[in-house]
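Undergrad: Could you have a look at this structure, given as structure tokens, before my questions?
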Amino acid sequence: MADNTGTEGTGCSGWFLVEAIVENTTGQQISEDEDEAVEDSGLDMVDFIDDRPITHNSMEAQALLNEQEADAHYAAVQDLKRKYLGSPYVSPLSNIEQAVECDISPRLDAITLSRQPKKVKRRLFDRPELTDSGYGNTEVEAETQVERNGEPEDCGGGGQGRDTEGVEQVETEVQTHSNTQQHTGTTRVLELLKCKNIRATLLGKFKDCYGLSYTDLIRQFKSDKTTCGDWVIAAFGVHHSVSEAFQNLIQPVTTYSHIQWLTNAWGMVLLALVRFKVNKNRCTVARMMATRLNIPEDHMLIEPPKIQSGVAALYWFRSGISNASIVTGETPEWITRQTIVEHGLADNQFKLADMVQWAYDNDFCEESEIAFEYAQRADIDANARAFLNSNCQAKYVKDCATMCKHYKTAEMKKMNMKQWIKFRSSKFEDTGNWKPIVQFLRHQNIEFIPFLTKLKMWLHGTPKKNCIAIVGPPDTGKSCFCMSLIKFLGGTVISYVNSSSHFWLQPLCNAKVALLDDVTQSCWVYMDTYMRNLLDGNPMTIDRKHKSLALIKCPPLIVTSNIDITKEEKYKYLCSRVTLFTFPNPFPFDRNGNALYDLCETNWKCFFARLSSSLDIQTSEDEDDGDNSQAFRCVPGTVVRTV
């Protein structure tokens, strides 16, 4: 009987379904030390954070552990230093002085346990620092060592000791890597300029390149802020691409340029004489050239040229006509003056008469003004150049001022008051307005017609009317009114502060009019005691310093004071000699603090021109046509002799 395949046995009915529960997916890593049968209750994370209170013993243990770890780390660092840092006594590039001692006495150095501290010595130049570049350090040391021994000029100062092994290693490196040890021009300049005294090094290199000293071409400016139009520039380490375009770069800011280029181991070296359109100081020129040449400012020498040196002018002239220079613009006058024969012959002789004539024509009578103004004419006047080349400048200035004062004084004394006012009016070009003066007099309650009458007598020096006194309270414009009048008339000012001297009245000898400002009580007493004859306008003697007494007639005198002498009986003898005007009202000002009445010289010019007939200073019709007199000339003319 066949088997009942696929049928259920006895006691079973239907299908039996079985479902598997999968806890781990395919590819999931299962830890070997993890018990898969134990259920995760979360109790294994209970003691992960220790929240028990910290006791004193545990804190000491932690501090001890930290200290032990720090000591271990420090010891490890020291071991690394001993392992990888070389001895400073072995490498001649690290410590030259001690390496020299090792070479001199190697046996003594071998038994030395410790190095004795050495005293610090001052050196003229600092030894350039040998930096550690990390990779390829041996080649850098060998290259630096060989170039120092090969260059004739050492900027470090002092010998360089080396041991036998170091020399052999250097020679081996040079022979093996000769192609990789060539420095560019920029690198050579940077190494050389590590010296402390950069300027001295640049001056030496300049002399080697050009064959003359840089100081022969320049004059030194101590201040970097002093301005000048001409500058001599020497630049080192310029790239060749910049040198080709330098002429075009400076052309917009210059009127003249003289450029020379030389090539040496550093690169391109520039020597230029430049005249700028606007005067510049050294700082401005250095920034400008550093930008155009693409080099640091301390790689340049910048000074003004020596304009009074014939040798310097001849150098620029001779080099300018050669093919080694690039010259653009008009040659400076100081070069032309010293290189052309005619100019050289004209500068030899100084004539004092020409200097006096110039001072007279320009109204210079003070020594300081004459010296300063005449020295500035050296560029255009041959006699001024000869004056600067003279060793007697102070004597010439003193003589010129003395002669000019004599001529001016004689010219003034030759004129009467009418001619003098006309002469003073010609000094001012503007016409002005006479009305502010009249309005100011009305503001002070001064009758205009009586004022003109008394002013007329004062100008002509009428006896007993030769002195005008303006009195009144302070701040009424007394000094302003009188000072403006005296300034227009070219008068002098005397002060009672010098009354202790016998010569305080000496300025009256050479004056057309005079002013005595702010007369006090003691001054009125002095005038009442000693100056009655002077106030009368009569001749009197004046004591002069280092000279004999001078017999003069006192010029018209105007005084200001806060004291009214008419109200005091003791000054009754002065009242008949002094004409009084009272200014009772304060001087008016506008909101901006400006004077409401303009009492200037041009307004006084218009005042005297307008009222010339009332003041009896009008000119005749013949004089209106012009002055027929010849102008003063202290320079001898040339006599033309006919055959």
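Easy rule for this one: first residue shown is 1, then count along the chain.
The backbone N, Cα and C atoms fix where each Cβ goes, and this holds for glycine too.
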Undergrad: Looking at the candidate ranges 84-93, 104-113, 234-243, 594-603, report the one that Swiss-Prot labels motif 'Nuclear export signal'.
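TA: In Swiss-Prot, the motif 'Nuclear export signal' feature sits at 104-113.
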Undergrad: Sorted by position, what residues of the same chain at least six away from Thr476 (ATP binding site) have a C-beta under 8 A from it?
TA: Gln444, Phe583, Pro584, Asn585, Pro586, Phe587
Undergrad: Could you tell me which of these binding-site residues, Gly472, Pro473, Pro474, Gly477, has the greatest number of Cβ atoms within 10 Å of its own Cβ?
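TA: Of the binding-site residues Gly472, Pro473, Pro474, Gly477, the most buried by Cβ count within 10 Å is Gly477.
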Undergrad: Which residues in the same chain, at least 6 apart in sequence, have a Cβ under 8 Å from the Cβ of Lys553 (SUMO cross-link)?
TA: Gly461, Gly537, Asn538, Pro539, Met540
Undergrad: So what sits near Lys478 (ATP binding site) in its own chain, CB-to-CB under 8 Å and at least six residues off in sequence?
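TA: Those within reach of Lys478 (ATP binding site), by Cβ under 8 Å and sequence separation of 6 or more, are Ile470, Val471, Gly472, Thr560, Phe583.
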Undergrad: When you measure from the Cβ of Asp475 (ATP binding site), which residues in the chain that are at least 6 apart have a Cβ under 8 Å away?
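TA: The answer is Pro586, Phe587.
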Undergrad: Looking only at the motif 'Nuclear export signal' (104-113), report the model's average pLDDT.
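TA: Value for the motif 'Nuclear export signal' (104-113), mean pLDDT as a whole number: 54.
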Undergrad: Identify, in sequence order, the residues in the chain of Ser479 (ATP binding site) that are 6 or more apart from it along the sequence and have a CB within less than 8 Å of its CB; answer 'none' if there are none.
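TA: Looking at Cβ-Cβ distances below 8 Å from Ser479 (ATP binding site), excluding near sequence neighbours, one finds Asp517, Asp518, Thr560.
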